[in-house]
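Listed in Swiss-Prot:
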type	residues	note
ACT_SITE	90	active site
ACT_SITE	166	active site
ACT_SITE	167	active site
ACT_SITE	243	active site
COMPBIAS	1-18	compositional bias 'Basic and acidic residues'
DOMAIN	80-413	domain 'Asparaginase/glutaminase'
REGION	1-20	region 'Disordered'
C-alpha cells in the first residue's frame, strides 16, 4: 500500500512491527516512522509491509510533493543574508539505517528543511565544507572553513552560522578566532541530541544562532543552550569556551570570563524580523563593521598537547622531540615533576616551543612562586597565563605559522584568549 508523509502507519518487517507517523526520508530506499515516544525508526523498504491506519493524520513540513530542492526559502530584499556552513555533527544528523546509529549526512539545505523555524528570519546561502563527526576534525578543515567564511563574507553575507559537532567545537571556534578578522558575526552552533529525540536542542540552537548572526557582535562565538531548559542560549567567545559535560544540553561554558551575551528563545521565537531578536550583549566586544575582513589561516600542525599526571613517564615528553611546539597541562600554577625539567629543557634547546597551561582551568599560570616553576622558566618554558589548554594548542599552531615572535604572541591576548586579570573566586 502506498503511504505518504503525515499518514499514520503500521510498518512490519520480519518479526518486528512499528506504529507511528510516516515522516520524510532522506532516501527512497528507507522509511522513517516517528513513534509515539517521539523517537524515529528507520526501515528498509525492500522487506517492509506498510498499512495506512489514518491518512493525513498530521501535516508534515516539507510534504509538498515537490523535489526537496524546491523547499529553499525565497530571497527577500528586506532580510539580511546569513551563510549556513555545514561541517556535519548531530545538528545535521539522521539515523544510519545500516546500523541504527546516528550519522551526519544532511547538507546545509537539509538543515533548512529540518528547521522550518529558520524561515523568514533571513535569506540563506548554504554550503558544505565537511560532512564528518567532529572527532574526525583536522586542522586542514579549519583552513577550509576559514576560506569558506571569507568567501561568504566577501559575497555579501551579513553573518555566518557554522553547523558543527559539539565534541571538538571549542577547538574549531578557537581556530577561526585566531585566523579571522571579521566584520560580521561568525556563530558556531550544534546539537547535543539528534533531531529524532524529543529532547533535541537542534531547533532552539539553530534559531538562536541565526539571531546572533544578525546581531552587532562581530566575533567568532559559540551559541548553545545556557540552561537545561528551553529558555535561552549563551554566546561564548570562541577562545574562552569549553565543553564541560558529555550529554547535557547546557554542556558549554565560558571559562575565566562571562559570556558575550544571551539569546532569549521566547523573544527569538516571535514573528521573525530583519533585526536580531532576543539578543542581549554583556561586556566588551568587537562591533559589526569595526574590523576589515582578513584571514591568516596558516597553521603549524606539529604541535602536541600533553597532560601531566603523577607518575607520568618521561618518555611521553621525549616522544615530542622534533615537534614544533608542545603545550603542557601542568598542575596548579603550572608545574610538572622536577625530574621532567631536563627533558623539557632538551626540547627547548632543540627548537621546540614549550608552553605551560594549568589543568585547573580557572586562574592563571605563575611559575615564579615555587622552585619547580622557576626551574621550568629557566629551562625556557613559556607561560600562557589563563589561556585554556585546548585554546593554547590551537593558538600555538597559529602563532608558529603567523607571528614574528611566537613566544611573545602566546603571552598576548589575541582574540581574547588571554585575560588581563583572572576573576576572583565566588561561591
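Placement of Cβ uses the backbone N, Cα and C atoms for every residue, glycine included.
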Task: Identify which of the active-site residues 166, 167, 243 has its Cβ surrounded by the largest number of other Cβ atoms within 10 Å, counting every protein chain shown.
output: 166
- line: The DSSP breakdown of the compositional bias 'Basic and acidic residues' (1-18) into helix, strand and coil residues is 0 helix, 9 strand, 9 coil
Task: Could you state the whole-number distance in Å separating the C-alpha atoms of residue 167 (active site) and residue 243 (active site)?
output: 7
